[in-house]
Amino acid sequence: MALSGPEVEKQVPAEPRPGRKLQSWWSLVFCLCFYGFMAQMRPGESFITPYLLGPDKNFTQKQVTNEITPVLSYSYLAVLVPIFLLTDSLRYKPVLLLQGLSYVSVWLLLLFGSSVLHMQFMEFFFSITMAARIAYSSYIFSLVPPACYQRMAGYSRASVLLGVFTSSVLGQLLVTMGRVPFSTLHYISLAFLAFSLVLALFLKRPKRSLFFSRGAPARAGASPSELDRMNLGQGQPTGGKPDWLPASWRDSALAHMLRELGRTARLPQLRLWSLWWVFSSAGYYLIVYYVHILWNVVNPTTDTTRVYNGGADAASTLLGAITSFAAGFVKIRWALWAELIIAVVTVLQAGLVFLMYKTSSIWLCYSAFVLFRGSYQFLVPVATFQIASSLSQELRALVFGVNTFLATVLKTIITLVVSDKRGLGLPVHSQFLIYFVYFLVLFVAYVLAAMLAGVRHFRQGRRQPPPPAQELMSPMQEPAVHDGPAPEEDGPAPEEDGVRAVGEQRQQPEAKA
């Protein structure tokens, strides 16, 4: 799909010209990043579970574990694909408004709902906010030229991380030092979210989108999308296209993308890291969803000033940001050592999950979760780079979208079997034992894969030396085949959006169970 010759020269992204237009870009970027920060200001999110189990709502632990929380996985699976398509066709801003309205609905139901059905609707609206995060992470790339993609990706991600950290710290300080009741904390969260919804009303709606809505002409200096390049060849012979398909489908841009995706799926590193993304993300978010219920079991205190969920979420967000940043400086021959490193991280995660299951100390439980989250966030940028480095911008979004969808399907199946009252309906402690076994099985699989990779390398000997160590970097710094935005912002990959879906992400995202 890469072009050569004069066509490539015409598509080299131009640096933005100084003047009023550059100032307009920066003002738009600032407004969007400020919105991203304010949308994370939900200081009550870390304390939703103790609020539901406490005297304010008085739900039972079984209701929260087996009837309310499972709805989040089911509804997220239902809304993920429609919102992904609407994001592009509606050009981002309407989906951001939908996200803001859904956040307000979540906290209205939390404050004024009184039944299990109300809380299940709350989970449904929360799933919409999670699925709509793709609108924020993609919005910024429609405002600036490709030469600015890398910096803009960093700014948008930093604003979200800062918002999550500030929100968690603020919530913990209000509860511990200010002795603010949970209900008041949720009113504060509702006020912040209403303000962020007002901010979204003033955001500029882009004239074009990145993928399928390409009606508006591209700006000067912006490179055509990969879909445009594919369409250049639609009048050419179809070659190996199936004759039984309608001509409109065979020649569509989506069909071109799917065929190209089938070819790239043969790459071993792409398969390995995509499988890691699917299986590890499913396990990670199951832990994130249910760990707050586990904390309430380990520390069933009625003294709200001794609930430190916000501090644990803030610490895990900070450690995740540090490990993600540190991963960018790691130089390893990933083609040789990837399976072994994944196995080491996975067995560490299994041990931390077992510690959360076994311990009766809330501080050990907090610490294990912080380390668990940090270890996952360490591998996210590695996987993002390994997947994105050989793909175009639109194919990155498609691959990340497929990976996220498959992870959501797997997570939903596990939830239905393990958590839902229509399945086994296990208590949260037993669930964490199941999750420990899940990560242990993944560890065994990765060890076997590492052994097979070592045997292959030993047989090859000196005939085919492994590729040199690579430092993680944006595809903007790679050869011309990498012409899209920074990979950590492509598609619905995990993003640090809220303590409840940190990193589901792009990721994520993405505080209660």
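Every residue gets a Cβ built from N, Cα and C, even glycine.
What TrEMBL says about this protein:
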- 25-41: transmembrane segment (TRANSMEM)
- 68-87: transmembrane segment (TRANSMEM)
- 94-112: transmembrane segment (TRANSMEM)
- 160-178: transmembrane segment (TRANSMEM)
- 184-203: transmembrane segment (TRANSMEM)
- 273-295: transmembrane segment (TRANSMEM)
- 307-327: transmembrane segment (TRANSMEM)
- 334-355: transmembrane segment (TRANSMEM)
- 361-385: transmembrane segment (TRANSMEM)
- 397-418: transmembrane segment (TRANSMEM)
- 433-455: transmembrane segment (TRANSMEM)
- 462-513: region 'Disordered' (REGION)
- 486-496: compositional bias 'Acidic residues' (COMPBIAS)
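Distant neighbours of the transmembrane segment (307-327): 43, 46-47, 49-50, 161, 164-165, 168-173, 175-176, 292, 295, 299, 301, 362, 366, 369-371, 373-382, 472, 496, 499, 502-503, 511; these residues of the same chain sit at least 6 beyond its ends, with a Cβ under 8 Å from one of its Cβ atoms. Ranked by Cβ pairs under 8 Å to the transmembrane segment (273-295), the stretches 25-41, 68-87, 160-178, 397-418, 433-455 are led by 397-418. Using a Cβ-Cβ cut-off under 8 Å and counting only residues 6 or more beyond its ends in the same chain, the transmembrane segment (184-203) has close neighbours at 31-32, 34-35, 38-39, 41-45, 47, 51, 93, 96-97, 99-101, 103-104, 107-108, 110-111, 139, 171, 174-175. The stretch from 68-87, 94-112, 160-178, 433-455 with the most CB pairs below 8 A to the transmembrane segment (25-41) is 160-178.
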